[in-house]
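Trainee: Below is the structure I would like to discuss, written out as structure tokens.
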Amino acid sequence: MGYPRGSLTRVPVVDDVDSQQATRLSLREIWAGLVRPAFSDSHFWIIQAMVVTTFFIDLGGDLAQNAHLTPLPGFVWIVLLFVPVAYGGRYFGIIGSLGAALSGMILVIPEMLLFQHSVEQQLGTYSITAIMIIVAFVTGERLEEIQAIKRALAATDELFRSQQRSSIVFENSVAAICITDTEGNILEVNRSYCELVGLTKETITGQNITDLADPEHRVSDAQTIHRLIAGEVQSVNFTTRCLHKDGHSIWVDAFYSLVRDRGGVPVYIIASFYDITARRASLEALDNSERRFRSAFDASPIGVALISIDGRFLQVNSALCQMVGRNASEVIELGVLGLTHPSDRDLTNQLLKAQDDVIQVTKRYMHADGHILYVQVTRSLIIGSDIDERYFISQFRDITDERARSAQLTHQALHDPLTGLANRALFEDRLPQVNARSERLGGSQSAVLLLDLDDFKVVNDTAGHHIGDQMLVELSRRLESVTRSSDTLCRYAGDEFIYLAEGLKSPMEAEQVADRLLSVIDEPFHIDGRDFAQHASIGVAVYGANGVEDAKIIECADIALYEAKRLGKGTYVVFTPEMNEKTSTRFQLIQELKHASLSNEFSMSYQAILDLDTESIAGFEASLRWVHPQRGLMLPDAFIPLAEQSDLVLELGAFALHEAISKALSWEIKGAQSQAPYVMINLTTRQFHDPNLVTMVDKALAASGIAPTRLILEFTEETALDDISTTVEVLENLKRLDVRTALRDFGAGYSSLSYLAFLQPSIVKVDQSITQSIHDTAVLETIVFLSHRLNLSVLAQGIETIDQLASLRQLGCDLGQGSLIAHVLP
């Protein structure tokens, strides 16, 4: 069924609508005419006023004629009734015209009866009245025709405006609209539809609507049109895809509606399309996101749950169930509080009430088997589309093992791995806390006791480090046995221990603590079937006493420890300000030492060594002297230990070596250098273990030309045992240079005769404490016997009397040195 192009979009729709609207208006007018009398209209009363006015004019005309005031016949004025007749027809049609005429007649007839009129006047009046009625009929019908035409014109204008509005709405609709015939052939489309498929209106018109659908949807779209035409549905809404001219598909929400004519015959289809590609992509993205969330939720290795704001589990994953040893239904039934450790339920209630977006806490949960789980909970507040829709998403990470490992690592970081005691880090953390408590309490004091084992290195080097470690462990247990619960015992470094005492009522109590610590060390250590006698020195510093400050307390204890070792070891010393002054003096001397090396304030002194068999001078022991500008002549014991604390001792050692060799060259007998006295030089520990020692000696010998055998280098037991491997290497290298060595002060320390065989020095210098004990010669006899068996010479130090000299000769000593033989000379 064909229609002119362009008419279907407007005329059929508007005509049908207009006819329905006109019918409704007509019914309203009829109803209004029935329920509303004419006299309610103002025009009605205007007509009546005109009629009455005409009546009075006519009456006046009659009176004027009878009085001979005017020659006009009185009935002529009745003609004025044509005015209300015409006016009534204008507004009320023929009914209005006749009504106005009849109103005039009602007034004229009584007037005619009231006054005397001639027959001609009566005929004239009645004739005019009759003509007026005829004119009323004619005028009313004409006026009705004019009004009908006006109404038709108004309706036409309204129809045009309606069509214009429909066209504007159609063209500018956001929806893509397409009008087709009942076969689906496109009759009209709007701009949005053209934009949707990327084609012009001319290209689209005439195509079948299914041609513009995605190939996968053409069959289903055709079936939809068939269902509409068949009357199965009046309209249908579905989702399909349109085909854009560039080939990509567009997801649309389609609405097809069938339009019928007045006879109920289908005439065309209106199809509306809404592009939902972006919305569908968003929905797909949301769906994918939800699937990913669901996958992440279910497969997460940590516990995840959705929780209501009142603490009910809405959803839980398997990891959370495994964590607490329950199935999902049990977890949901128990709720958050049911799984929480009783002591943490208040914390849980606070978390549920808190409105923070994200909160992370560590709390305890109960496993099904009863053991406690430490769990790190990250709780996020989620607000739904409705502001009242709130819930939590929480992540649960079991940190029970991690917490245990952390505690273990913390313990390891703060405790010594060998002894298990607190280490320096823990001590330094507790020290300011203890001192702060002492200040706060007022009536109590705290103290630091620094304990250092005497000659512990000898144990390590002679018995082995494994023995030394066992001794440290045993010592730790002994010290722990006398440590108060309020105090802290630490292994500070190596063989140093530090004891932090608090709550002391007086410095005397700190000394009592020192006595207890020393008492547990007096008993020998029995390790691997051997007994080891060990002693220790302790430096004590009491916080707040004798000027001891918080930041200086360890330094003060160290100064006191130094003083204890200087006094003979195996004892304790409490810090006093005087010790600090001594420390300041030592520091000043160190600075002056550095200046002295630049100012040539050092000189060499020599003491003769006597061959006890031949009573001839075998050699000289060289020693360094410091001629201090203010302090005068200073012996090595006064400044060498200070120089040992820096590289200055190496400079002094090099100076002494070159000076001694130069002096020895002056002792040569012409042609008999081998018979000239040798020179003996003492090496400190740092000098002996200096990597450049052998090289320096070799260069000095080469530069001077002195015979290497005339140079003897002294070292002590302590120096040798400081680093056994280095000692062996140094001795071997010196032996290759033909430089001889001497072990000095033998017997004064932690001596062992086995050292002689191990070290193989050229000369064994017996300490003067043994030399001067002539009433107890057993030790000296043993030393002489073993030394001679090893082809070593024995030199007795500190000979001061003739009796000592005679006794030493009798015991077999080879060499002697002391004030009896010769004093120290420049």
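Note: Cβ is positioned from N, Cα and C throughout, glycine not excepted.
Sharing the features that TrEMBL gives for it:
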- 43-61: transmembrane segment (TRANSMEM)
- 68-87: transmembrane segment (TRANSMEM)
- 93-114: transmembrane segment (TRANSMEM)
- 123-140: transmembrane segment (TRANSMEM)
- 162-232: domain 'PAS' (DOMAIN)
- 236-288: domain 'PAC' (DOMAIN)
- 289-353: domain 'PAS' (DOMAIN)
- 359-411: domain 'PAC' (DOMAIN)
- 444-577: domain 'GGDEF' (DOMAIN)
- 586-826: domain 'EAL' (DOMAIN)
Trainee: Determine which recorded stretch among 289-353, 359-411, 586-826 has the most C-beta pairs below 8 angstroms with the domain 'GGDEF' (444-577).
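Mentor: Per the Cβ under 8 Å count, 586-826.
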Trainee: Averaging the per-residue pLDDT over the domain 'PAC' (236-288), what integer do you get?
Mentor: 88
Trainee: Counting by DSSP secondary structure, give me helix, strand and coil numbers for the domain 'PAS' (289-353).
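Mentor: Counts, helix then strand then coil: 42 helix, 11 strand, 12 coil.
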Trainee: In the domain 'PAC' (236-288), how many residues does DSSP call helix, how many strand, and how many coil?
Mentor: 12 helix, 30 strand, 11 coil
